[in-house]
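Colleague: Quick one: the structure is below, questions incoming.
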Amino acid sequence: MTQLAFTKAQATGNDFVLVSDPDGELELGPQRVARLCDRNFGVGGDGLIRAVRSAHLAEGRELQAANPGAEWFMDYRNGDGSIAEMCGNGVRAFARFLTETGLATLAAGERLEIGTRAGLRIVEREGDGFRVDMGPWRLEGGEPLVTVPHIGVSRPGLGIDVGNPHVVVALSSEEELDRLELFHAPLIEPAPELGANVEFVVPHDQLVQDGVGHIRMRVHERGVGETLSCGTGAVASALAVRSWAGAGAPDVWSVRVPGGVLEVTVAPVDGVEHVFLSGPAEIAFTGVVEDDLATELAAPAAL
Ligand SMILES: N[C@@H](CCC[C@H](N)C(=O)O)C(=O)O
């Protein structure tokens, strides 16, 4: 048995197992990730984040050649062991982890550059939390039909790529949102080749109050299931509602998720519209896990 030190962090209830692997020496296969994220047989988390120096990863080296300041790479895995390009809550948890462990510094007013599979992300401190430049986004064409099994809700969605794939669906009332059963993955037709995270949104109270848009969101994350929050999902939801609302829609959105509230802002950077995500991120605890690579996930003991 080897031992693996980990840190558990959460950002609006989206929780992560973080492991430090500066020189890229850890073997992290899908089965090992799934076991560490398992809530009964492992540490438990919606995803796992490996902190690795960009120089020790092919994707990282390419990114660092263009952005020399991006010393650290967020190697993100979903709870089922699959790889994801980006995680909006995870990148804030990652910034908290790097700064609390002394792997990086980030004073107020400074910028921390982080490599991800979706490209460079720039993090700044904001109050007790962090604000992340999530870059530009892409509205996908078409209107995929999203069906929630078991309760039969079937609605057209809007596909949005914010570094990872999302389909956002508008519901008619908060009651309808509360009634959703998101244990099972919603069906998307036509099915996106690489799958997608699915968000369901409704206006919260009045849609626009004092120039700020207010929505509620629930999410079924690709590779995880229903989670208490999804940062990229909040961004995709705000952008979808902003696009449906048309000209004059707010640039600032408050997105209420089961685990808290996130803020999404659209603002130009060098003449290009970027989207920013703000919210908290906290370390929950640290520990060491006995980590037998040969153990099968949740393998029942032989009788
Ligand atoms: N929870 C994350 C998104 C994590 C990745 C996602 N499940 C995917 O597969 O794309 C967030 O906060 O953005």
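The first residue you see is number 1, and the count goes up from there.
Quick reminder: no glycine exception, Cβ is built from N, Cα and C everywhere.
TrEMBL lists these features:
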BINDING   Asn14, Asn78, Gly88, Asn89, Asn164, Asn197, Glu221, Arg222, Gly231, Thr232  substrate binding site
ACT_SITE  Cys87  active site, proton donor
ACT_SITE  Cys87  active site
ACT_SITE  Cys230  active site, proton acceptor
Colleague: Give me the sequence-ordered set of same-chain residues, not including Asn14, Asn78, Gly88, Asn89, Asn164, Asn197, Glu221, Arg222, Gly231, Thr232, with a C-beta within 8 angstroms of the centroid of the substrate site's C-beta atoms.
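Modeller: For the substrate site, the extra neighbours are Gly47, Ala84, Met86, Cys87, Gly90, Val219, Val224, Thr227, Cys230, Gly233.
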Colleague: Enumerate same-chain residues with a sequence separation of six or more from Asn14 (substrate binding site) and a Cβ-Cβ distance below 8 A; give 'none' if the list is empty.
Modeller: Asp46, Gly47, Cys87, Asn89, Gly90, Ala93, Thr227, Leu228, Ser229, Cys230, Gly231, Gly259
Colleague: What is the total of other Cβ atoms whose distance to the Cβ of Gly231 (substrate binding site) is within 10 Å?
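Modeller: I get 29 for this one.
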Colleague: Excluding near sequence neighbours, so keeping only residues 6 or more apart in the same chain, what lies with its CB under 8 A of Asn164 (substrate binding site)?
Modeller: Ala84, Glu85, Met86, Cys87, Ala118, Asn197, Arg222, Thr232
Colleague: My understanding is the cutoff is Cβ-Cβ under 8 Å with a sequence separation of 6 or more in the same chain; which residues meet that for Glu221 (substrate binding site)?
Modeller: Asp46, Asn78, Asn197, Thr227, Cys230, Gly233
Colleague: In the structure shown, which of the active-site residues Cys87, Cys230 has the fewest other Cβ atoms within 10 Å?
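Modeller: It is Cys87 that, of the active-site residues Cys87, Cys230, has the fewest other Cβ atoms within 10 Å.
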Colleague: Within 10 angstroms of the C-beta of Gly88 (substrate binding site), what count of other C-beta atoms is obtained when all protein chains are considered?
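Modeller: Cβ-Cβ neighbours of Gly88 (substrate binding site) within 10 Å number 28.
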